[in-house]
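Taken straight from TrEMBL:
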- A:12-36: transmembrane segment (TRANSMEM)
- A:138-160: transmembrane segment (TRANSMEM)
- A:194-215: transmembrane segment (TRANSMEM)
- A:339-361: transmembrane segment (TRANSMEM)
- A:382-400: transmembrane segment (TRANSMEM)
- A:420-437: transmembrane segment (TRANSMEM)
- A:444-464: transmembrane segment (TRANSMEM)
- A:479-502: transmembrane segment (TRANSMEM)
Amino acid sequence: MKSAFRQSMAWLHTWVGLLLSWVLFFIFLTGTVGYFDDELDDWMTPQTPTFSATADDSLPVLEQFLATKGADLKNYSVSFPVDRTQPFLTISYRDADSKRQRIKLNPYTGEELTPRATAGGQTLYRMHYRLRYMPTKIAYYIVGVATMFMFLALITGVVIHKKIFKEFFTFRRGKKPTAWLDGHNLMSVMSLPFHFMITFTGFLLLLYTLMPLIMNAHYGEGKEGRDAFFKEYFSRTNVKASGIHEPSLELKTLLERADAEMAGKPLAWLSVANVGDKNSIFEAGSIHKNLSDSRDKWVFDANNGELIKVQIGHESSKSFYYVLRSLHEGLFASTPLRWLYFLTGLLGTGMIASGMVLWTVKRRTKAIKSGGGSFGYRFTEGLNLACLLGLPAGIAMYLIANRVLPLELSERTLWEVNSLFITFSAFILVAVAKAIAKKADSAWVSLTFLTGFLYVLVPIVNAITTEHNLLLSVLNQNWVFVGVDAVCITVAMACFVLGNYLNKIFNVKVNQQEHSAGPDFKRGHAS
Amino acid sequence: MRLVFDSHKVEVMNRTLLAVIGGSAFSILLCLCVSFLLPIEKMHAVAWSTILVFIVFPAVVMWSFGVNNLKKAASFLSFLIVFLGAICWLLLDLGKPL
């Protein structure tokens, strides 16, 4: 009875795992890279320096900016340079035509920074939950369903392994497919808490999009209900202008008021709404670079400086929500912890990848016996291999495109993203076509080498097109550029080693087949 | 990894339907009940019970693939769904201003 349950869970694990593994692989890899989104932004705008200034450093710049804009500025918000996510002084405002503007300023000199047009690390990171080339809502649902599949695959995966810790130390090397199975288990168990955390918190980020019904039952249907709930839950302040004129206080006075109330907490952002109106609001907020992500904020009446509302910390479900959310996003993480996030993310990606490979390897012997396997089998192998190699190759291409696309190209950011997906699609076409033609082996080898080659190109192209070659970056201690180059070289090396290994195995296999054509055929491949 | 309960594709389809339709109906209704009954502020009750959906649903999915007798399971779940539906309807009605 018990083992029957475990076996049914093994079945569920296999199919739940396979069905959405392609989407999950995409989500995991882009998400993992996304832990370094700001660093990639920096890398993709090589002419723009970054700064480590404080709010106090940049206050004169802000005042100067406000003085030049004068009375036109009714609504604006300012993000002070605080950490890696915000290295500039950023001001968003509505201009005279009430169009949204957003400018980045050098926090020391006030010089406007105009980075090259790039999709940057942010776009790559956004694809992690927003996908691409489809409406937002549909993308969210796909990601939500994929997350549920991931969650199920994780739970059933644990259920299958009664002796999870014993099996954790069992690695039967070289005996395929057990080696693949053990590798899959190793990668899964090693960072199992991370996988559970990242998957479950993934739900939380899309919570009310995926499951709006309970909210609707209490707050009403559609957008209105949603807005009502969000306004109450996330205590959003949006105040409409009344049209009645009333003079507002100077920003300097307001900042002094905020300073008195904030009791030494560093100012990270401020926003002013409806200057010169009866309903003018001034908000000041502190940094949220910690696990509890408390997003402290102070709301003032901008006309008399009266404190309207204070929000410090969270309670009940909100503290749960914000802690889990910051665990997922890892914005609080210091550099070593960020690398740990990156590595565990890679392990998760590897877990999905090895699961996909395992599915093929397990069906391989039978497929060969029946002369290449069914169409479904071959198609799946092709897709597996296309995803495992196509997406990494696409990301390399994305980085290369940033360097080689002409700067004056219109819609340059779009073409950066397109180059990722063009590469990806080309890989899918080649891999699936070859797999269907029963030449999956050669596709594995050649595409692995090609991916490695693309990763070698990244540092080379970077050295040619910018003044940040690896040597100079090391000398200047520009760790972002060193890091990207080092990671690319590492990936390239891994690809070459892997390609060699696969080549050897497949050749052995061909020889073996010539000798015996027997069932004891060897094969292995990797992501 | 063969289907242990039944290798017919019909069985798989039935269990999938039970898991997806039955599972979501059950978990949403259960959590809706919870959201009415939790003795805390309304917004927190809504948040907690929405989070609960994502724990109950996978549990039901696993149950519907693991359970031995599919017919019994389906009728049991349907009964629960109707029962919870009735309670939710009552609670929704109670919650309305008179």
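Each residue's number is its place along the chain shown, starting with 1.
Backbone N, Cα and C define each Cβ position, glycine as well.
TrEMBL annotations: computationally assigned, not manually curated.
Listed as Cβ neighbours of the transmembrane segment (A:444-464) (distance under 8 Å, sequence separation of 6 or more from its ends, same chain) are residues 46, 385, 389-390, 392-393, 396-397, 399-400, 403-404, 423, 427, 430-431, 470, 481, 484-485, 488-489, 491-496, 498-499, 502-503, 506, 525. Looking at which of A:138-160, A:382-400, A:479-502 has the most CB pairs under 8 Å to the transmembrane segment (A:12-36), the answer is the stretch A:138-160.
When Cβ-Cβ distances below 8 Å are used as the criterion, the transmembrane segment (A:420-437) is approached by residues 132-133, 375, 378-379, 381-383, 385-387, 389-391, 393-398, 401, 443, 447, 454 of the same chain, each at least six residues removed from its ends.
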